[in-house]
Structures are given as structure tokens and as C-alpha cells.
């Protein structure tokens, strides 16, 4: 089984470095162009199913990539719920929640942003989704459209990383990553591929 994972295209919140979390933000003009670049890159790939976070930025990206297949809205693929931080700039978080931000930047175990989720809760959502796929799609190729934090949590499951899932490596807007499930083992085939964006890359706004 092959799982192609795409991060949604850029949003206005990404552009302005505003924290989105699970707030429902739309693609900006660059994000729409990025999604079309992904569509061109993946043209001709026959996906057995298209799964997407049910947030607009992901669903709209999925619809552009695979216009003939309505994506399956999947709340478990939503971004990390960052609670009170959502809608704030990094500077505002630094001023209002300095202790939480320090814990976040240093991957402190058990961190829970005020009103949000812990990393463990995000990971369990991601891992639960991924573990269910082989039984549903043995030998098939599926597309998943999601968010930076959730995709990093998927990587933790694929790589069997112990401890907290990392805030690195980068997951760029409209990047393509690919996981392969073969003989009961997950393998990483590619990560954060942006070759298709051809100068339309964006490097702002991870969450």
C-alpha cells in the first residue's frame, strides 16, 4: 500500500504567521496555485480513496488535486488544536503565554496549550488513522491531505520514533511525502518534496 500525504496550500494565516491550529481558514491565491501544482505533479495517479482533514484549507486542496473524487472528510486528520493560541501571532503568544511557549519550543512532556490538545493526543489521532489504512486499502494507493503538525505525527508512527514527535523536519505548504506499507512494516519513501512548486514555495506558518 502507498500513502501519498500532502500538506494544504498556503493560507492568509500562514502568510501572516498567524497560528491557525483547528481554526477554519481558507487558501489564499498562492495556496490555490500551489494546489494546482500538486495536481499537475500527481496527474494520472489512480487513488483508491482521498482522505482529508475536514478543515476548508485541506478539503479545498484535496478537491483541486483530485477533482473527480470527493475527499472523505476526516476530523482525525485535523491540525493540532492549539486552543487559546489560535488566531494569535507568535509575538502575541510570547507575550501572553511565555511559559507555555517555552515548553512548546523545548518539547516538554505533557505540554497542553490552554484549551488545546497535548502532543500525545495529536499523535494518537494520527497513529489511529494510519494503523487502520492497511486493512481498508491493501495493495492500493491513497491520498491524504492534512496539516503540518499532524503530518509530523504520522512520520513519528511510520518511523517508530520513541518520545515526542519532533517539530522538525520541515513540512512545507503543498509538499508531498510518501509512506509505503509492505509486509507489515511502514517505510518512508519521500519527505517534503516541493520540486513541483517551481518557485511558488512558501516558508511561513507551520501551525
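Using the three backbone atoms N, Cα and C, a Cβ is placed for every residue, glycine included.
Together with 7, 8, 9, 10, 11, 12, 13, 14, the substrate site in TrEMBL holds one more listed residue from 57, 63, which is 57. Using a 10 Å radius centred on the Cβ of residue 9 (substrate binding site) and all shown protein chains, the other Cβ atoms total 31. The Cβ of residue 7 (substrate binding site) has 145, 146, 147, 148, 151, 171, 172, 173, 174, 175 as same-chain neighbours under 8 Å, each 6 or more residues away in sequence.
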